[in-house]
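Here's the structure, in structure tokens; my notes come after.
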Amino acid sequence: MAAMRVNALARDDMQWRITYNHERCTLCGHCLSSCPFRAIEAGVEKRRKVISDHLTPKPKVLFQTVPVIRQVLDHHEACRGCGCCEKVCPNEAIAPRLNLETRLPIKHRGTTADGYKRGGRSNLNPMGNTLDKITIGRISQMTDPSLDAQRHTFDMLAPLGRVLPPESLPLRISETGSLGITESLPPLNWMYPIIIGDMSIGALSTRMWEALAIATAYLNEEVGLPVRMCTGEGGIPGRLLRSHYVRYMILQIASGHFGWNRIVNSMPDMQDDPAGILIKIGQGAKPGDGGMLQAKKVARHIQEIRGVPKADLLSPPNHQGLYSIEESVQKMFLSFNSAFKFRVPVAIKVAASTTSVSVYNNLLRDPYNIVGGFFLDGIQGGTGAAQDISLDHTGHPIVSKLRDCYLAAVHQGKQGQIPLWAGGGMAQGWNLAADAFKMISLGANGVFTGKLMLQLAGCVGLDNGKCNACNTGLCPAGICSQNPVLVKRLDIDKVAENIVNYFIATDQELKKLMAPIGNSSLPVGRSDALISTDRAVADKLTISYAC
Amino acid sequence: MCRIGAIKSRDYIHPSWALRLMRSQQKGHDNSGFAMVMQDLGGVFENYKKYPVLSMACTEEGMKTAEDILYSMGFSRIGQWNPEIRPADNLNIEPMPIYVFQFFHYPKSMRNASQAEKEQLLVDARITLRRALEANGEGYVYSFWPDTLTLKEIGDPTDIGTYFNLWEESKDFTARIITAQCRQNTNYDIVRYAAHPFFLQGYTVLANGENTFYEKNKHFQKSLHKGYIGFESDSQCFLYTLHYIHRELGWPLKYYKHTVTPLPFEEIERHPERDVLLRIRSSLAHLEINGPNTLIGVLPDGQMFTCCDSKKLRPVVVGRNEDMVVISSEVNGINEILPDRDWKQDIYPHARETVIINNELEVNQWQQCV
Ligand code: SF4
Ligand code: SF4
């Protein structure tokens, strides 16, 4: 009898269990070739069969060796539940099933002495989805008629850039009785209130990134929606920098300064300014943790853009020389502003945290009037790789933090002076327009979203640990992998089309929400339009409670 | 729906004109009140134009509280006018015990003070009085400003007219500018302060409409000026924005319209003032008004204007003859008091238009878009 190895991985330890129906399997092998994780393998099983081929029963026992597909029991090659095998199987013979009894998280740590790493976002949502507990309760009816969403024109642009208080605008009345601007002002750009959030060209496959860029350009030039896209950390291709499409891009600088050289070197040849610069201090899904691009995803073009060898690329969680908020403003903002000769707004992105209100308050007092935006990223965001522990257990929900920041600005009488943009879990319930509308009513000037773009591209991952293998370089959808075989799975045109269509639909839906409250322009801070059936949510956000 | 009206006249006129203007539109309001602001006063007030007039409705105790405060601030009373009250049992009106219209000397220490300092003092005094009277429910302070008188009352406008003997024309009680509304607010309980017209430092605004941006307007205005208080009505926001743009920022009147109903971005892009308008749109985003509105305003120099929301969802008409210009929600109001005018000259302002009546009673129309 074999020794009983209690600590060996068993099927019941896996987070996903492969159910396999031998009877239906024709051994075509599609599933094996579809699984990027090598979580299933071909094997053989010995079968015992009793048959009788006489007129009267005359049983005899047959032993047969049959080929089968079976699950690999390994920490590194564990099934991710991505469902690709199920998708390609012509006979419904194989499928992953969530195993609620899983012990993989402790087995992994116990065996490898290392944290479990994955991509995606939090698998725990103990707070529930706050935005889904809010509805738009103030509907215009009798004397303040609602608008006709189909025919009415709506003004849906949000600012990025430092907004001066009216009394500080350098204006002079001319002889003709008109106001004229007498001095140069901080740069200010107007854009669609939904930005495609920062996902780097290293984290995403080149094709995915390209699809986002194509969708953005198409939205601007064909659809007429001035949607901007944030490049994420790590630079962008030189050709794009030198094209006019750069005007739709918000260039991101993070602590690693990856790719910034390329941008600086391209400046003399740039024919247009970018839409903005976003300095990333923190990311919502793993605040206090730097970016992590594992060596297997550092493909040749990434090495070129960033000027790095094929090695794990870890952005430090903190910016060098960032000693205080004042210094961050002074050093980073002044240098990035001056790089573009004060023509491009420079904004900052921080992870939502109990301290982010202090940061925002402090920035609002910035004497240089140079901070062009405050991007707040909540716990539910995140696309890149991280430790499971960071994704699930650190961070701050975005809704109340956004509200706190807005109300802090109201308290100072400075609302709107540093535009507030918030993201992290937008469209968790699959509806971006509703979430954007609610966030704007709570005080955001606009929102940003990244994860949803991946879903539109065909990401098979979900909460509860489905796939979430973005860190492995083996993304089965080819979205965040640099593996040439996997990347080919992504249909660039289809992805761009899905994203464009989603934005068109979202734009209509936003209007469908603005019309009933009778607003032609964005309802920034119109929290009186919202109600919550959850007393605690209503109290915390200072909106009406209704039941 | 509110009905509003305003008269600007070459000669002094009696409030009965305003009452008649408003009463003819009676079907459109609920007879819950009547309020008016009279500016450029005549009659018994004519010789006191320099002196601030306190308009207040209060109890006996309120009267005493107010007097104590004003005396302690150094003001001294130089005269008063008492309306000729005619109470009767059948009148639908909820009057206050005392109506105060008194003239004051500025405190001695202020005699050589600048105009700006005096104006500041008057705002401070009014706010102090209001707070003190509010604390014990002793009364309501509507205005404390030279050459200005405010009356706000709850009840049927006809009965209010009877109670104050406003139907009977008299040469004692007249003004060249009278703005009026027949109705109390409906948004909340009836609050005397909530009736239009609203007044602050020489600026008067009344509106027929809804301000769906009330909350964001209010949040922003609260920190802009200490006189921006009350917020009993969403329409008060319109006054404060006018005051802020025109007086605090010192911008020409046209930028009031550019602030409250900014042009759509597409039109701003084509506008010769593009850069300025985009900055206004960003810096004053919280003073925008959304919702159906018609506004009538009076500036401290006596100019009167009207403008509407960006879609012109509420009516307004301007009628005139040689001696008088009348702005009214409905034309029947103007027909009532100016039956012989040339009605072909009536103006129905457009959404993007501001109609301004200067002190020579010339009517100018200004277009927001090019
Ligand atoms: S579900 Fe995905 S990871 Fe699991 S075996 Fe199938 S293809 Fe492989
Ligand atoms: S499909 Fe790709 S992007 Fe989606 S969770 Fe899996 S690895 Fe990540």
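Just so you know, glycine gets a Cβ as well, placed from its N, Cα and C.
Curation plays no part in TrEMBL annotations; they are all automatic predictions.
The annotation domain '4Fe-4S ferredoxin-type' is assigned in TrEMBL to A:16-45 (among others). Look at the domain '4Fe-4S ferredoxin-type' (A:16-45): DSSP puts its residues at 5 helix, 11 strand, 14 coil.
In terms of DSSP secondary structure, the domain '4Fe-4S ferredoxin-type' (A:69-99) contains 5 helix, 8 strand, 18 coil. Feature annotation from TrEMBL assigns domain '4Fe-4S ferredoxin-type' to A:69-99 (among others).
The [4Fe-4S] cluster 2 binding site annotation in TrEMBL covers A:C79, A:C82, A:C85. Non-local contacts of A:C85 ([4Fe-4S] cluster 2 binding site) by the CB criterion (under 8 A, 6+ apart in sequence, same chain) comprise A:I18, A:H30, A:C31, A:L32, A:S34, A:C35, A:I40, A:I94, A:A95, A:P96.
Less than 8 angstroms from the CB of A:C89 ([4Fe-4S] cluster 1 binding site) sit A:H30, A:C31, A:A95, each of them six or more residues away in the same chain. TrEMBL lists A:C89 with the feature [4Fe-4S] cluster 1 binding site.
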Sorted by sequence, non-A:C79, A:C82, A:C85 residues with Cβ within 8 Å of centre, [4Fe-4S] cluster 2:
A:W16, A:I18, A:C35, A:F37, A:A39, A:I40, A:R80, A:G81, A:G83, A:C84, A:E86, A:P96, A:P476
Other than its close neighbours in sequence, what residues sit by the domain '4Fe-4S ferredoxin-type' (A:69-99), given a CB gap under 8 Å and a spacing of at least six beyond its ends?
8-22, 24-28, 30-43, 45, 107-108, 111-112, 460-461, 464-469, 476
Which binding-site residues, if any, among A:C79, A:C82, A:C85, A:C89 have a Cβ under 6 Å from ligand 1, given in order along the chain?
A:C79, A:C82, A:C85
How does the model score the domain '4Fe-4S ferredoxin-type' (A:69-99) in terms of mean pLDDT?
95
CB contacts under 8 angstroms to A:C79 ([4Fe-4S] cluster 2 binding site), restricted to the same chain and 6+ apart in sequence, sorted by sequence, are A:M14, A:Q15, A:W16, A:R17, A:I18, A:C35, A:F37, A:A39, A:I40, A:Q71, A:V72, A:P96
